[in-house]
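Structure first, commentary second.
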Amino acid sequence: MSRKQLALFEPVLLVQALTDAVKKLSPRAQWRNPVMFVVWASSVLTTLLTLAMVTGQIAGSALFTGVISLWLWFTVLFANFAEALAEGRSKAQANSLKGVKKTAFARRLRAPRHDAQADNVPAAELRKGDIVLVKAGDIIPCDGEVIEGGASVDESAITGESAPVIRESGGDFASVTGGTRILSDWLVIACSVNPGETFLDRMIAMVEGAQRRKTPNEIALTILLIALTIVFLLATATLWPFSAWGGNAVSVTVLVALLVCLIPTTIGGLLSAIGVAGMSRMLGANVIATSGRAVEAAGDVDVLLLDKTGTITLGNRQASDFIPARGVDERTLADAAQLASLADETPEGRSIVILAKQRFNLRERDVQSLHATFVPFTAQSRMSGINIDNRMIRKGSVDAIRRHVESNGGHFPADVEQNVENVARLGATPLVVVEGARVLGVIALKDIVKGGIKERFAQLRKMGIKTVMITGDNRLTAEAFAAEAGVDDFLAEATPEAKLALIRQYQAEGRLVAMTGDGTNDAPALAQADVAVAMNSGTQAAKEAGNMVDLDSNPTKLIEVVHIGKQMLMTRGSLTTFSIANDVAKYFAIIPAAFAATYPQLNALNVMGLHSPNSAILSAVIFNALIIIFLIPLALKGVSYKPLSASAMLRRNLWIYGLGGLVVPFIGIKVIDVLLTLLGLA
């Protein structure tokens, strides 16, 4: 994947974010965040008080109130800046996608065949159901399905991957995306969407959508923050009559400062940025999420359904063993197998040549120099091989070789039958080698389990996530692969109906399920799963059923998707813990300063030894604003992620962000107080 990654603080993005932060000062924009709306209203109130003091309408220190007002405005601006910066990064990613969209003409066919008469029309006029012909060098004008032809397609503008891919009619590789380019040959495509509804349009709208819908957890946290704000608002409101009854009423400016410092402004100011950044990180992994809800659900997933081929295994079978028939030595079998594979350019064929070379030092020979004739594999014969020096060597499936042997007057040995069954039972694919009518033995082709996958599954198990392998293999083969890969469970001989039933079973138990898919037959299960990652190379039906699309079409990406989702939830929880813990230090700073004149006993709470009541209040307000700026990188990048159990993760975050939230404000407020004193501003 070669898509350019944005630096955390691009100069252009910073300038745009500062401009947007000022624009977001409007009441309508602030109302969307109730906590920051209280800070905004407090800023307006203290500004009006400052003006009234300057004009002599009310008594009080205009300088002190003005400085408090200034830092309250900074608090609002910093929160706006965090959100604007996160949105700006997403919009920059969207702009790179917009560059893919090009105004072009399309050859709209009057009949669904490549030699039909065509009309040149603007691509914007194409409608769902239209048939178009696309040739080498053309931009594909719409999303659709290939109904005729095959071609090499450059999808780098969408996926960031420079290697071209093959798109052809039939099967699971018939889906094409508008904006990609044909490199060779031609395709006849049936458009599947109307203008403005293409995959690219939906990607751009999702990435740059300013009116982002809040996720359920985000809504729940917002309700908690509103409740805390109301509690602190009521508590602060009661302090004025309390102090007035004591004979020395606290000023409105001090009460406003106390309120702003006590309400959870840190997480309130960063909450939206965390959500936007989560979707941006997902896009950075080349995964398009249709909503923040999908990203959040990925963090809560506790069951992963993983296809065996391509996800758990490499997907290309490799020769792993030569098993000779009775009376045949292994070297003879290896030599015949290598000869039959010399001109076989498939991964399986090359692996047979290499295994024979490794086991018996059989050097690769040139077919032409041997004056041999290579017999290619066909769907009808299901065999391939070589004719050399009156020797007829073939390799192929068990059934094909049996028919070949019997047609040449031979018989298929019982011991080879047993070897074939043993190979299949161990999760490998048997290929039988024959010379003339004599069966020489079996080649075991094994789909290799990916390196390190067992350790990754162990990490997922620590986190409380169950892994389930999905395969069409028989139960014995599936069991062997499951044991080797270290998955928790498996579904053998899987059908679309069986996958759908399994997902519903887990969901009935209260679990959240994630899966990947690329075929039309995967669509029902993708639609049912809580996190459904469709492959970009898959069919249109699969992409529409999923709530995420992996542009790299890498099924293993599902594990990374879960990591990103969990990181977003951890970031939100960690900063919430830090924000609430902050209140303790601010309490020790402001309460003694506000009420020491009325109740001298409260001086005992001035554990930080702050210089004066005014410097204590101002230091707390300044710290409250600056901490938002210092935490913006953490909100955008996410907290450090480690694969731990829920309880271990909770303990770790309480130590780091809970204790940190208690200690950092004490240090920060004291440092600011000292600086104010040194500058003569205390």
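Glycine too: its Cβ is placed from the backbone N, Cα and C atoms.
Residues or ranges marked as active site, 4-aspartylphosphate intermediate in Swiss-Prot (evidence: sequence analysis): Asp307. Sequence annotations record features per position, and here Swiss-Prot assigns ATP binding site to Asp344, Glu348, Phe377, Thr378, Ala379, Gln380, Ser381, Arg382, Met383, Ser384, Lys395 based on sequence analysis. Feature annotation from Swiss-Prot assigns Mg(2+) binding site to Asp518, Asp522. Sequence annotations record features per position, and here Swiss-Prot assigns transmembrane segment to 34-54, 58-78, 219-239, 254-274, 588-608, 616-636, 662-682 based on sequence analysis.
The two recorded residues, Met383 (ATP binding site) and Asp307 (active site, 4-aspartylphosphate intermediate), have Cα atoms 28 Å apart.
If you draw a 10 Å sphere around the CB of Asp522 (Mg(2+) binding site), it holds 27 other CB atoms from the protein chains shown.
Ranking the recorded positions Asp307, Asp344, Asp518 by how many other Cβ atoms lie within 10 angstroms of each Cβ puts Asp344 at the bottom. Residues 8, 64, 67-68, 71-72, 74-75, 78-79, 81-82, 85-86, 89, 254, 257-258, 260-261, 265-266, 269-270, 273-274, 277, 280, 571, 575, 578, 582, 586, 589-590, 592-594, 606, 608, 610, 664-665, 668-670, 672-673, 676, 681-682 of the same chain sit 6 or more residues outside the transmembrane segment (616-636) yet have a Cβ under 8 Å from a Cβ within it.
Put simply, Asp518 (Mg(2+) binding site) is 32 Å from Lys395 (ATP binding site) when counted between their Cα atoms. Residue environment of Met383 (ATP binding site) contains 21 other Cβ atoms, counted within 10 Å of its Cβ in all protein chains. Annotated pair Asp518 (Mg(2+) binding site) and Asp307 (active site, 4-aspartylphosphate intermediate), C-alpha to C-alpha distance, rounded: 11 Å. On a Cα basis, Asp344 (ATP binding site) lies 33 Å away from Asp522 (Mg(2+) binding site). DSSP assigns Lys395 (ATP binding site) to a strand segment in the three-state reduction. Cα to Cα, Phe377 (ATP binding site) and the residue listed as 'active site, 4-aspartylphosphate intermediate' are separated by 28 Å.
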